[in-house]
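Undergrad: If you scroll down you'll find the structure; I have some questions about it.
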Amino acid sequence: AEGREDPELLVTVRGGRLRGLRLKAPGGPVSAFLGIPFEEPPVGPRRFLPPEPKRPWAGVLDATAFQSVCYQYVDTLYPGFEGTEMWNPNRELSEDCLYLNVWTPYPRPTSPTPVLVWIYGGGFYSGASSLDVYYGRFLVQAEGTVLVAMNYRVGAFGFTCLPGSREAPGNVGLLDQRLALQWVQENVAAFGGDPASVTLFGESAGAASVGLHLLSPPSRGLFHRAVLQSGAPNGPWATVGVGEARRRATLLARLVVCPPGGAGGNDTELVACLRTRPAQDLVDHEWRVLPQESIFRFSFVPVVDGDFLSDTPEALINAGDFQGLQVLVGVVKDEGTYFLVYGAPGFSKDNESFISRAQFLAGVRVGVPQASDLAAEAVVLHYTDWLHPEDPARLRDALSDVVGDHNVVCPVAQLAGRLAAQGARVYAYVFEHRASTLSWPLWMGVPHGYEIEFIFGLPLEPSLNYTEEERIFAQRLMRYWANFARTGDPNEPRDAKAPQWPPYTAGAQQYVSLNLRPLEVRRGLRAQACAFWNRFLPKLLSATDTLDEAERQWKAEFHRWSSYMVHWKNQFDHYSKQDRCSDL
């Protein structure tokens, strides 16, 4: 059918020509351009290295099918169970995985249209833009936006870091994301998208990624608004320091017998050896580098390297100027439950998970792995219902709150308050609807990750058997998200009768509940619990110094050192641009 090619499905980008495909959606067709390469494959000697833009290709590239998923750990906790399998890779694994997908209305928009860019979660060790739950056709058809989603390197491939080395500088998974954002700036206009109106959105580690781009100046100019769903860059799991990053990288090397001979070689030899190891070997040993038995902790994550991140996320948030930024943030009703079945004693999806007091105490140590004895005591004190200190259902729910508050709700609340206080316009939500189709048990409530299917409009697909109310609810949510992408405000511009979603401020702390009922405005995102995590616990720790003296000094030193290094780097860059450097 060469002569009858649909011109709507042929697009020319900087790298060359693309052929997409037309897809049916409820309400009309959309165009999809799947598996567009944006980066040279990071294979062989390029493993662990920062990305290089894709070189141009000849002819018309076929962009009609998803490409490989980045090499990653595959979850085998409950084989064949829908609740875990939906997050597992749905394409073959490969290190040659740096492709992105673009969904656009059919026919293409004639005037520049706001762009939504999705960053998937998965603890920085897993995830893919091709998962069914991120299917772009419903949102694009319903709201007429352009949607882009990239793959990025995860696990050891994306986040192995030997600080100071060129061979494994760390954070290359975030640099993959940044390169995709640069690709959007250069190419999205060809799809009808507006490069001057780009909204990043992501969930969990994807939301943490969105936040890290907010805090990294070279990324900041590549987008205009941000949505953080159930994750934040200041979460205790989202970054590590350079010392811990090096410890994990060298331990991984030891586990895969690098360098052979066992003598501690230099970084260059170590990385050269790691590059010879099959991808699966690295994945197989990935989890063994964590410092403690823990849940909601991941081995290879972004590192505070003084480059992508000039300081800790918390310090950057506190120091930042966020004038003119619009942000939408939120959490689900039961952030902690999903993680408990992955290692908290006494928990399973196949029973009520009633736990004993002893299991609760042990669970706190796994759920707050870095806590001193005293800090763990404080957590137990705060979360015990002292009228019913042995009640198994209450203890189960309390441990879920510990894990959810510590890792998601309170970091998100802290971020929202700081951004609002420093000039951003912030909208906040709690997502409270448990899908009628959910396969996880009732005690898990509305688990981490289960708002996504509604934001992407899956209930519009009749074969998925959602209810009519859920279909209407999904349409409402897509409208909020798309309004936010268009204007920076989720409210309907034309409909003053609809209940209004007010901005979140540090003082009033207003947020909305998202469920099948109309919007309801509430105040305080778990304000009491978050005062414990965000105000009291840090004081307790600095007073008792489980941050032993050495670490406290190290932290103070690091602040001095990082500002000195930034100064030195500027001086050196200035010097190296002078003539005398080139003819040595």
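Just so it is clear, glycine is given a Cβ too, placed from its N, Cα and C backbone atoms.
Below, the features straight out of Swiss-Prot:
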- Cys70-Cys97: disulfide bond (DISULFID)
- Ser204: active site, acyl-ester intermediate (ACT_SITE)
- Cys258-Cys273: disulfide bond (DISULFID)
- Asn266: N-linked glycosylation site (CARBOHYD)
- Glu335: active site, charge relay system (ACT_SITE)
- Asn351: N-linked glycosylation site (CARBOHYD)
- Cys410-Cys530: disulfide bond (DISULFID)
- His448: active site, charge relay system (ACT_SITE)
- Asn465: N-linked glycosylation site (CARBOHYD)
Undergrad: Nearest of the recorded positions to His448 (active site, charge relay system) by CA-CA distance, picking from Asn266, Cys273, Glu335, Asn351, Cys530?
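TA: So, spelling it out, the nearest of the recorded positions is Glu335.
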Undergrad: Restricting the comparison to the recorded positions Cys70, Cys273, Asn351, which residue's C-alpha is spatially nearest the C-alpha of the residue listed as 'active site, acyl-ester intermediate'?
TA: Cys70
Undergrad: Would you identify which of the disulfide-bonded residues Cys97, Cys530 has the most other C-beta atoms lying within 10 angstroms of its C-beta?
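TA: Selected residue: Cys97.
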Undergrad: To the nearest Å, how far is the Cα of Cys273 (disulfide bond) from the Cα of Asn351 (N-linked glycosylation site)?
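TA: Spelling it out, the Cα of Cys273 (disulfide bond) and the Cα of Asn351 (N-linked glycosylation site) are 46 Å apart.
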Undergrad: Taking just the CA atoms, what is the gap between Cys70 (disulfide bond) and Cys258 (disulfide bond) in Å?
TA: 23
Undergrad: I'd like to confirm something. Which of the recorded positions, Cys97, Cys258, Asn266, Glu335, Cys530, has a Cα closest to the Cα of Asn465 (N-linked glycosylation site)?
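TA: Of the recorded positions Cys97, Cys258, Asn266, Glu335, Cys530, Glu335 has its Cα closest to that of Asn465 (N-linked glycosylation site).
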Undergrad: Please work out which residue of Cys70, Cys258, Cys273 has the most C-beta neighbours within 10 angstroms of its C-beta, and give that one of the disulfide-bonded residues.
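TA: When each Cβ's neighbours within 10 Å are tallied, Cys70 leads.
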Undergrad: Could you check the recorded positions Asn351, Cys410 and say which one's CB has the most other CB atoms within 10 Å?
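TA: It comes out as Cys410.
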Undergrad: Of the recorded positions Cys258, Asn266, Cys530, which one has its Cα closest to the Cα of Asn351 (N-linked glycosylation site)?
TA: Cys530
Undergrad: Please name which of the recorded positions listed here, Cys97, Cys258, Asn266, Cys410, is nearest in space to Glu335 (active site, charge relay system), Cα against Cα.
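TA: In terms of Cα distance, Glu335 (active site, charge relay system) lies closest to Cys410.
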